[in-house]
Ligand code: HSE
């Protein structure tokens, strides 16, 4: 029998308890163990809840109980999740989390403690919710040199951009809908400003490179400046706009960024809509792979947490290496990154195109009827060059990387 404590009885924590109960027999058959929940830590009371008697309010109850072998951290945020997760590992308890903020900020240290203690710190659910991505990256792609990871890693922003794309909604209208449906947080900053995607691409890059990536060094831009007009141009061009978290490894350099990208219909991530997530991984031998599915939500995320609990149950006294060391990974400056640029200019193409091309080089021009503006798609150039030329040119209404 393995006793589990669940910290945080919100959406994910309650989902974990539900999955453990619903799939009890499958879990027992596959692990050879009865896995049962001994405590649920939460500040709140849950009168009438079927697990009311398992609720505790004091973390030390879990920390000090030698019978608890695995602790699920489903509180979210860095504090007190970090202190609690660390204390559990130091007490010899395995920790499983869905918390990307915790993993991105303290993954290196928590993994080291787990190694030192011959136990595990697992976080499959922290990226892509129910999509298997961490374990495939670490195990199935162990022999690959990873060249690129590009993902749509945030369901809320993908829902908003899909609404803008398909229904012509404004950002504000689509955000309101996402909030009504419970996808976006009441304070949606972490989603729409790209911070959530930043944490997730940081975790994937650390695993791919087996080094520590500092999420604070990742260039991060959200979707708040994307407008319905941008999508009108995108429709005419046969493209779409998606929030990407990407890392590209080439010539000994690593570029990691989060920003809206204009992508063609033939891009593998073009068809990923609504709240779905997808991760495209390109390896030097395997080529391009796609991982697709429910990137958030109670049961998909809880399913990934439970898979981690089961893996932990099969490795109670040995560490499964995830290959994420404390060596720091140097990241390229965003100024060195190369993109094509979709740019909207005030005025008419007839008057300005020659000047635009003199500044930005040969472009593709896109015009919409009845607009006092036009757009171009440039060739590839560095961010440094783009910003120099754009500052000198002025009069730019929008820029989206492509
Ligand atoms: N807010 C996140 C999303 C939840 O919308 O994808 C899952 O990490």
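Glycine is treated like the rest: Cβ placed from N, Cα and C.
Those TrEMBL annotations? Automatic predictions, nothing curated.
TrEMBL annotations:
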- 7, 8, 9, 10, 11, 12, 13, 14: NADP(+) binding site (BINDING)
- 8-124: domain 'Aspartate/homoserine dehydrogenase NAD-binding' (DOMAIN)
- 100: NADPH binding site (BINDING)
- 132-310: domain 'Homoserine dehydrogenase catalytic' (DOMAIN)
- 185: L-homoserine binding site (BINDING)
- 200: active site, proton donor (ACT_SITE)
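Recorded features from TrEMBL, shown on the structure.
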| residue | record | Cβ contacts under 8 Å, 6 or more apart |
| --- | --- | --- |
| 7 | NADP(+) binding site | 13, 41, 42, 59, 62, 71, 72, 73, 74, 75, 81, 84 |
| 8 | NADP(+) binding site | 41, 42, 73, 74, 75, 76 |
| 10 | NADP(+) binding site | 42, 74, 75, 76 |
| 11 | NADP(+) binding site | 297, 298, 301 |
| 12 | NADP(+) binding site | 74, 76, 98, 125, 298, 301, 302, 305 |
| 14 | NADP(+) binding site | 298 |
| 100 | NADPH binding site | 123, 126, 127, 196, 199, 200, 203 |
| 185 | L-homoserine binding site | 156, 191 |
> Which residues, in sequence order, are found in the same chain with Cβ within 8 Å of the centroid defined by the Cβ atoms of 7, 8, 9, 10, 11, 12, 13, 14 at the NADP(+) site, excluding those residues themselves?
Replying inline: 6, 15, 16, 42, 74, 75
> the residue listed as 'active site, proton donor' has how many other Cβ neighbours within 10 Å of its own Cβ?
Replying inline: 26
> Which one of the binding-site residues (9, 13) has its C-beta surrounded by the most other C-beta atoms within 10 angstroms?
Replying inline: 13
> Does DSSP give residue 7 (NADP(+) binding site) helix, strand or coil?
Replying inline: strand
